[in-house]
Amino acid sequence: KIEKAKPIKCGTFGATSLQQRYLATGDFGGNLNVWNLEAPEIPVYSVKGHKEIINSIDGVGGLGIGEGAPEIVTGSRDGTVKVWDPRQKDTPVANMEPVQGESKRDCWTVAFGNAYNQEERVVCAGYDNGDIKLFDLKTMTLRWETNIKNGVCSVEFDRKDINMNKLVATSLEGKFHVFDMRTQHPTKGFSSVSEKVQKSTIWQVRHLPQNRDIFMTSGGAGSLHLWKYEYPAQRSKKDSEGAEMGVAGSVSLLQNVTLSTQPISSLDWSPDKKGLCVCGAFDQTVRVLIVTKLNKV
Amino acid sequence: GTTKTYQIPIGHLDYKFIEKCTDVKHLEKILRVLRSGEEGYYPELTLCCEKRIEHLDPGSRALRKDKPAATASDFTAEEWKTISGELMSWVTEMNEDDKKPQFLTTETLHERQDNLPPIRCSSSCLPANQNKKLQNKKRNKKNIPRDYSEWDKFDVEKECSKIDEGCEENNSKGRFFSRPSLPIIEKKIDTTGMTVKEKIFIATREKEKGNEAFAIGDYLEAVTYYSRSISVIPTAAAYNNKAQAEIKLQDWDNALQDCEKVLDMEPGNVKALMRRATVHNQLQNYQAAIEDLTKVLCVEPENAIAKKNLLEIEKKLKGLKPASESQGKGKRILIQDIEDAEGDEERRENREEHDRTSGDKKKKPQKHLSDHEGEVNGYLCSDQKSESPEAEICRSHGAGSQSAGGGSSTSLPPAAAKLKSEGNELFKSGQFGEAVLKYSEAIEYVSGLGEQSPDDLSILYSNRAACYLKEGNCSDCIQDCNRALELQPFSLKPLLRRAMANESMERYRQAYIDYKTVLQIDSSIQAANDSANRITKTLIDQDGPSWREKLPRIPVVPVAAQLHRWDGGNCASENKPRSEEAEEKFKMLKNEGNVFVKKGKYEEAVNKYSECMKLNTKECTIYTNRALCYLKLYKYEEAKQDCDHVLQIEDSNIKAFYRRALAYKGLQNYQASVDDFNRVLLIDPNVLEAKRELEEVTQLLNLDSSAAAGGQEKQRKKITIQEVSESDEEERQFATSEDVTDHVTSKEAVEKCVPLQTSGKLHISEPSNAYEFGQIINAVNTNKDKAACADLLTITDPQKLPVLLSNKLEGEILLIFIQSLEYYVLGKDPGLVYQHLFYLSKAERFKVVLALLTKNEKEQVQQLFDLLTENQSDQYSLEDLESLKKVYEL
């Protein structure tokens, strides 16, 4: 057990090698720290990255997932999203923030994706006003943005290390959206399907590491839902102007359980054991679950 | 009273109401009320309501219930044991791994970090001039964080990454570059400094990615990921999956290699054996395919797919032998050889060309013509997987002897000519990869000479394109076709090949354009016709009715190209000996006949076939085909005679027996029919249709014939399907070969469907309910077959029309009714037309549909009324007509 002065909000192993296993954390003071858990006294990397709390963190390029450099992205209440390379001290390698004067939105969630070769990489960020923005780190452009009306609690690509395939975004009001990220229409963007789960917030979504088309959402009412995405027969079609347009598939509920009366705020799958997952809830409990028969879906 | 929430009448909370209610939304509300308990607690009623909703809408959200997590008590002891057992073993496994010493030394760590790409924005590997810019930018960034809009402007990074990409391009495989749209994914993973555990993890992960890509049909991507997995740790499973993906891509050579690697690792791997058999079958190594399948059956004697494939391949092998013997019988070989025979046709072409260097170029287009005919058939052939190398060889003998007198030098320089003929040989033996090499050499040689003749080069490109097409390398095929077309615009073969390649790459628009161009040059190419139609359907599905607007412009073929062709044709046929001319004509007539059959115009087909017979009385297929038409026309006696004739010439013609059996059945001579079916089954016990028919006829024989009519009617429809598809391609056996899982098969299926629909509508029986009527109408409407529609209207009682139409009346349907009434029914029975119009106006939605008619369409209605006025009948008066006109708002 290690105690630190500032409360920690989020953490990830995503940018470290399988051997090193350094933990990257974001805390309430806006600091990004990378810890060697074998010697946790002093962080191996530390930066005061944001003015306010870091809400969300994600890593890529480590753990054998994602080609290219290891990078960490942080999203903060100060409205900025910053990408860090643990090899570069003090300054982010990329920084995305609103225009001066434009109201700053609270960034609630960030995720890496599209890291299928050494250059390609995108960051997706979700904001409290329902904005979802997709930044392309290769071309350094804002590639796409949309609004899903309610605050975006969690976004995740089905796999970080493939040519962008699907993105799931969950919202404050109990809905989640699945975007087909293969085909981007010049004006309409990506097509999506949405599903209403319940009245309460969907706090988090996590895809099964062994099968990208199965994902679990954790809900405000203390429940978990297991979903499967089914692709349409044709994933893209031509619109009236001949531009390619994606076609969204459908989602079906495989299973649901209610574990607690309190919201389940975080959730993750085991990369090694298919179906093993862990979730943390507001009732101060961490629960470990096993989902069986996943290979039959 | 009503409930508090939703204000549902209390009476609705009742078993009877719930069981009858079909409004899911309403039921969901009731369920919510029941569950809330505000009106009291009724567990059984709630259950009943849930069941009802489930029955109506199994996916309803209201059915979702909160469930607690399952615990040990929710499982049977056994299940729980397996679950916990698996978990425990996994835990111990992980613990053991943790205890193992870490392999990694600092050195390897450094090594690995050296391999990492540079830090984003870092200037480590960039030229100096950009360095400055970058540093500026960096400074900027420190002070002023960039806002979103700036993100769009920023381009330094883009340039950096462009440079990176340049490096990348040099390393990665060339294959991806022909398809710039595809993302570049490295095919190998750098594994320096990885522990075994890591490698296993990564290999598994890459394989899983491959599986996922495979599952949604991204076969190229799947192959890449499997290769990546293999580059980390080669496993049999990854090779095996890769082979399957390559089979899907029709990349036979690589699939074969991969299967063999699996079998090196695991000699008895059933899946790999099955896959290798498929590949062998495709590469026409039937013997090898049979061996593989036998091995499979040794391991798994009950493997149904293996059995089926084995039978099919054996049949193919058998089918080849007689074909090669019966060289003289013309048609058989003609259809089979083709695809690959083009190689020697082209060689012949060259020779002839050389013979006529003096200037008689007119011969050439004709050659093209006969040549592409071959190809067309070959196309059908290859689609349906009945290529036969042996038949083809005998054809090449024929070609050889034909051209023997014509001198053997070619216009190509000798070295290139040799390469080309070697390429042709390789192509014929199915070694497309090697053929490509030969052709490429020849191309290089010829273009290196400088004094190239565009014609020869075009042919070489075209040949190489054929190889690529065979290999499934569509993009290269298209490139070569483009080159060939640059050299010789509007030549048929490259156009056709490009069309096929485009089609298989699902670029339907380009394919459509190419097929249309081909048809402009020569409208008699059946394959182009078929494909164009097929693509039209796909495009309509894709883009809706306005699909045409999205097409690129179809190039107009200069009249010269067409005329040239015709001139050439005439001229050549004059030069030709009479017999050859007759053969040509014979073929043409026969093809026309086949086309009519496919369109369901049996009478016309009979005429064509009869003309054929004047030219050649020995050709059995003509008789069997005509017999088929007679069967369709219910002229059983004539059908029987044709079959008899065939059987005199060829006493074991299975088709003749089969059709005669059907004819006997139609003539209600059941005993003879049974005999003939038995003979069919004696020749080939696998003809399922014959078995089915036999059973039925035996039943008919046993029963008395009174009740038979209905069944017969039904049965006839079934036959229609199989027979017509079969007649597309005379050489096919009765049993339709279904190759396990191949997308070619699905294409084939599509092709089959088309004749199915067209022929189905010809047998219009009186619809007994709205559903049947709707089915027929849909069929009629999609084909715009006014004659069939008229038939339908003739046999339908006008009074029933509103009932039969129910609420399905639409503008299109109304229009086709009007047109068919005008063109077909009016002349025979104006009274009926009036009746129909009268009752049509009583149909549901009539007013709506009428209001939506365009001006043009209204004119058509007006026209029909005018004609009705002219054709007076005692069944209606002018006043009646006038009042009806008012109903029609005229």
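Heads up, the Cβ atoms here are built off N, Cα and C, so glycines get one too.
Taken from TrEMBL, the feature coiled coil applies to B:242-296.
The feature domain 'RNA-polymerase II-associated protein 3-like C-terminal' is assigned by TrEMBL to B:767-858.
Taken from TrEMBL, the feature region 'Disordered' applies to B:322-417.
Residues 203, 207, 210-211, 214, 219-220, 222-223, 226-227, 229-230, 275-276, 278-280, 282-283, 295, 299, 432-433, 471-473, 742-744 of the same chain lie 6+ residues outside the repeat 'TPR' (B:236-269) yet bring a C-beta within less than 8 angstroms of a C-beta in it. Positions annotated as repeat 'TPR' by TrEMBL: B:236-269 (among others).
Here TrEMBL flags B:270-303 (among others) as repeat 'TPR'.
The feature repeat 'TPR' is assigned by TrEMBL to B:586-619 (among others).
Looking just at the repeat 'TPR' (B:654-687), the mean pLDDT is 80. TrEMBL lists B:654-687 (among others) with the feature repeat 'TPR'.
Same-chain residues lying 6 or more positions outside the repeat 'TPR' (B:654-687) and placing a CB less than 8 Å from one of its CB atoms are 311, 315, 620, 623-624, 627-628, 630-631, 634, 636-637, 639-640, 642-644, 646-647, 693-694, 697-698, 700-701, 705, 712, 719, 733-735.
In the repeat 'TPR' (B:654-687), the DSSP tally of helix, strand and coil residues is 27 helix, 0 strand, 7 coil. According to DSSP, the domain 'RNA-polymerase II-associated protein 3-like C-terminal' (B:767-858) comprises 69 helix, 0 strand, 23 coil.
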